[in-house]
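Now, the feature entries from Swiss-Prot:
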BINDING   GLY81, ASN112  anthranilate 1 binding site
BINDING   GLY81, 84-85, SER89, 91-94, 109-117, ALA121  5-phospho-alpha-D-ribose 1-diphosphate binding site
BINDING   SER93, GLU227  Mg(2+) 1 binding site
BINDING   ARG167  anthranilate 2 binding site
BINDING   ASP226, GLU227  Mg(2+) 2 binding site
Amino acid sequence: MVDFKSIIAKVATGATLTRDEATDAFDAMMSGDATPSQMGALLMGLRVRGETVDEITGAVTTMRAKMLPVTAPADAVDIVGTGGDGSGSVNVSTCASFVVAGCGVTVAKHGNRALSSKSGAADVLAALGVKIDITPEQVGRCVNEAGIGFMFAPTHHPAMKNVGPTRVELATRTIFNLLGPLSNPAGVKRQMIGVFSRQWVQPLAQVLKNLGSEAVWVVHGSDGLDEITLSGTTAVAELKNGEITSFEISPEDAGLPRAPADALKGGDAQANAVALRAVLEGMPGPYRDVALLNAAATLVVAGKARDLKEGVALGTQSIDSGAAEARLKKLIAVSAAA
């Protein structure tokens, strides 16, 4: 068993943990072998210094080892944001997920209830009529029969209950805010991940490379959005063929118009569900455009589109043909029958 006191002592000096030390420390926390004081000390020590790629890689290794897995096709994708960007926006990645699924790409989406907005992925899906409190086996059925499934984080990461109270008491962002999107229970190797701060764009791409991902975009909008934004440029770190490259994109690269961040302000789960359904039914406007933009990037990651413009064309067809909305209806039906 790890000597947790020595781990804290090391972090207290400003030293960094090796990947193995981080794996062991997080195993102790998630197994209930560390006290609340010890967990709080380590989490804040890491936060104040700044978590390293090795520390995050080790922590994710533990998260993945303890999660309840879902069976999904090898080419499935996830579209997820860390949340916590404070924007209170509509549910961009959730809407984009249905657009991508409507293009014939399997989506295994991992998410939770709201962090800083009034409506997280789980909240809006429940409001749409999707049953989210289902078993991993039932989620697998959704993925395979509907082409899209939603993995509700608390169901798949039961060991998180050991750190939950400490996280609530700390009431500030910790490494765990980064770990969720990196710990997809379906083990997807193609990911489109939005982060709440630009400082994490490159490091998280490196973490996913360390953990065997094949194709990844990690993004952060210049307006603070944990998605690709319409209001300005978006920083991207792309993992492709084992190499990570960094660049910026703008809506114009996808042939889409810009829109101010306020145009994407969301409401509660019910209001966001109405807005999402309207997009899938063909309503034009900034919400449709931002969903198309994020779907396009995901289609590039999936190898379905060569570039953003082709991705937007495919996404447009997905919505206008009714295919995206059909994926939602199928997910509601399959999850209800689960």
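Glycine is treated like the rest: Cβ placed from N, Cα and C.
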Next on the checklist: Between HIS110, ARG113, which of the binding-site residues has its C-beta surrounded by the fewest other C-beta atoms within 10 Å?
Outcome noted: ARG113
Checklist entry - Secondary structure at ASP226 (Mg(2+) 2 binding site) (DSSP, helix/strand/coil)? => result coil
Checklist entry - Does anything in the same chain, at least 6 positions from ASP226 (Mg(2+) 2 binding site), have a Cβ under 8 Å from its Cβ, and if so what? => result GLY81, THR82, GLY83, GLY84, ASP85, SER87, GLY194, VAL195, PHE196, VAL219, HIS220
Item to check | Rounded Cα-Cα span from SER89 (5-phospho-alpha-D-ribose 1-diphosphate binding site) to GLU227 (Mg(2+) 1 binding site), Å | outcome: 10
Item to check | All-chain count of other Cβ atoms within 10 Å of SER93 (5-phospho-alpha-D-ribose 1-diphosphate binding site) | outcome: 26
Checklist outcome for this item: If you measure between the CA atoms of ARG167 (anthranilate 2 binding site) and SER89 (5-phospho-alpha-D-ribose 1-diphosphate binding site) and round to the nearest Å, you get 24
Checklist entry - Looking only at Cβ atoms, how many others are within 10 Å of the one on GLU227 (Mg(2+) 1 binding site)? => result 29
Item to check | Surrounding CB atoms that lie within 10 Å of the CB of GLY81 (anthranilate 1 binding site), all protein chains | outcome: 29
Checklist entry - For SER93 (5-phospho-alpha-D-ribose 1-diphosphate binding site) and ASN112 (anthranilate 1 binding site), what Cα-Cα distance in Å is obtained after rounding to a whole number? => result 12
